[in-house]
């Protein structure tokens, strides 16, 4: 039977750093206001790179680190809520740019749970025995979706991308999974489009910007998501580290208490990147491999958990 493993990781973020103090010059906010409520101190903002550019950078890094040629890839999956355009998909753009001529490619839209959903999907593709190698990338340019006069959202989000190379393995590396959706609730919405045709009445004026009910998302995370993670941990055992979606430092603090796990096991980097939605978990994973907190091939276990708009939430326990 075929299994899947994470064999390489990579991340990329735009060079432009925007601090809380920078934001205080263009809107009614302050470093103290942002940091005390979110833990965020700065974020990266793209000047001219689009989502596919960030994702392609990560793809090239993964190929270089692995020594693979793009022709050896079987698939490219990209999790994003900020694509370059509705079609072609970001994944198709990446596939075409890197020359992965033998790979199929598609995007997954599950907001801040997107990378977890994409990784779970990719693991099943390899486990089927039909595919051996593929890229799973989370990439966002959320800055283009924001109303920069709305401090409730504009201070939270940033741009970036991260990803993994998933390959066939003789040993099991994915030990626990919980994927969930509650479409009766929203919490986070972005990029609404009007219904326009010669037959529509033309009265609809949807908001094109990112909108979020912060309190609802916070309550959802610390209640529903923490309960889901706790159940998975009780069933599969406590992992070495928890890599949760990087939305808010207070969410991590509260969830550690709810799950009854040492806060030291919860890795964090939203201080430097803000909320990068589907990119946050792979960026966090790649950074912690780079600083050697995590080591590929060490048999460390990690819990990856995303949660956000949809509502969606999902967790995986993975041996790296």
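Each residue, glycine too, has its Cβ placed from N, Cα and C.
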Quick check on the annotations: Swiss-Prot lists region 'ACP-binding' for one of 236-240, 241-245, 246-250, 251-255. Which range is it?
246-250
Excluding near sequence neighbours, so keeping only residues 6 or more apart in the same chain, what lies with its CB under 8 A of residue 245 (active site)?
112, 113, 275, 277, 280, 281, 305, 306, 307, 308
Mind checking which residues reach the region 'ACP-binding' (246-250)? Cβ under 8 Å, same chain, six or more beyond either end.
37-40, 112, 156, 217-218, 221, 268-271, 273-276, 280-281, 283-284, 307-308
When the region 'ACP-binding' (246-250) is classified with DSSP, how many of its residues are helical, how many are strand and how many are coil?
2 helix, 0 strand, 3 coil
Would you count the other CB atoms within 10 A of the CB of residue 275 (active site), including those on all shown protein chains?
24
